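Participant: Before I ask anything, let me first share the structure, which is written out below as structure tokens.
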Amino acid sequence: MAAFAVEPQGPALGSEPMMLGSPTSPKPGVNAQFLPGFLMGDLPAPVTPQPRSISGPSVGVMEMRSPLLAGGSPPQPVVPAHKDKSGAPPVRSIYDDISSPGLGSTPLTSRRQPNISVMQSPLVGVTSTPGTGQSMFSPASIGQPRKTTLSPAQLDPFYTQGDSLTSEDHLDDSWVTVFGFPQASASYILLQFAQYGNILKHVMSNTGNWMHIRYQSKLQARKALSKDGRIFGESIMIGVKPCIDKSVMESSDRCALSSPSLAFTPPIKTLGTPTQPGSTPRISTMRPLATAYKASTSDYQVISDRQTPKKDESLVSKAMEYMFGW
């Protein structure tokens, strides 16, 4: 009897590993249900589960989720409204929840309102201040103070010649003042500044180290002004500033009104070549470039005085050439 009772326990113990390793176990099917719903292609809130996935543990999971969705959510939930777009980026700003009429007052919205008011209050205070907000953020207001052009005397207080100038005075921009050279090098400096434009007039100081130069155009005067601080002759540093001496400008204007024909004659020409009156045409020794074209299209034909010798083509000349080899 004891041996008969022990025999059936052997196969019972041996059958346990076969039951644990059986491929027909429903556990892999239960584990498959724990994957996220968006990976399985299921809807966010399915009404009825699929027939093949119904089992005991899966029903328990659904029963555990249902109380959370039913009882734990507020009457107008905010999060489930965007449940269908959980994988997409946000489509509204964080400030839209405050002004949207469909959403109720939540602790999140009540917590955001004082923060936004604090953030906006400094900006409102800055913009409400008269003059400060516009001058900081308006490009047009930045250039408004610069519309009033200051005279050179106001820009540089060390100018003593500009004491008689007022803000209504209009100075000629074609005049420049060159200074910083010795008296012996005045002609050399004048010759150097003649390379930057046509000098109409120059007024040199008898005792000082400056001279006033008037150019033909304002562009030439600006080119001369760009040479401020340049060293000439490796020992002379020259300064160039806009001329503010009204007496020099007025005297040149009076001379131009009295003799208009001489106003356009550059005085710099008197250094090398003599000046000619404006009515007399200038005679140039250079050969015109159109001379060769005019010669080719001339109506006249050149005829030589004597006849050019030609070869005799007669029969006698051919016979003599054949016989004697001429």
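Cβ coordinates come from backbone N, Cα and C, glycine included.
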Participant: Could you check Swiss-Prot and say which of T149, T275 is marked as phosphothreonine?
Facilitator: T275
Participant: If you check Swiss-Prot, which stretch out of 1-33, 166-198, 232-264 is marked region 'Disordered'?
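Facilitator: Checked against Swiss-Prot: region 'Disordered' maps to 1-33.
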Participant: Which is it, of 71-92, 93-114, that Swiss-Prot names as region 'Disordered'?
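Facilitator: Comparing 71-92, 93-114 with Swiss-Prot, region 'Disordered' matches 71-92.
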Participant: To which residue among S117, S128, S284, S314 does Swiss-Prot attach the annotation phosphoserine?
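Facilitator: S284, according to Swiss-Prot.
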Participant: Out of S121, S151, which one does Swiss-Prot list as phosphoserine?
Facilitator: S121
Participant: Just jot down the residues in the same chain as S252 (phosphoserine), at least 6 apart in sequence, with C-beta under 8 A of its C-beta; none if empty.
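Facilitator: Counting only residues 6 or more apart in sequence, the Cβ neighbours of S252 (phosphoserine) under 8 Å are K201, V203, R214.
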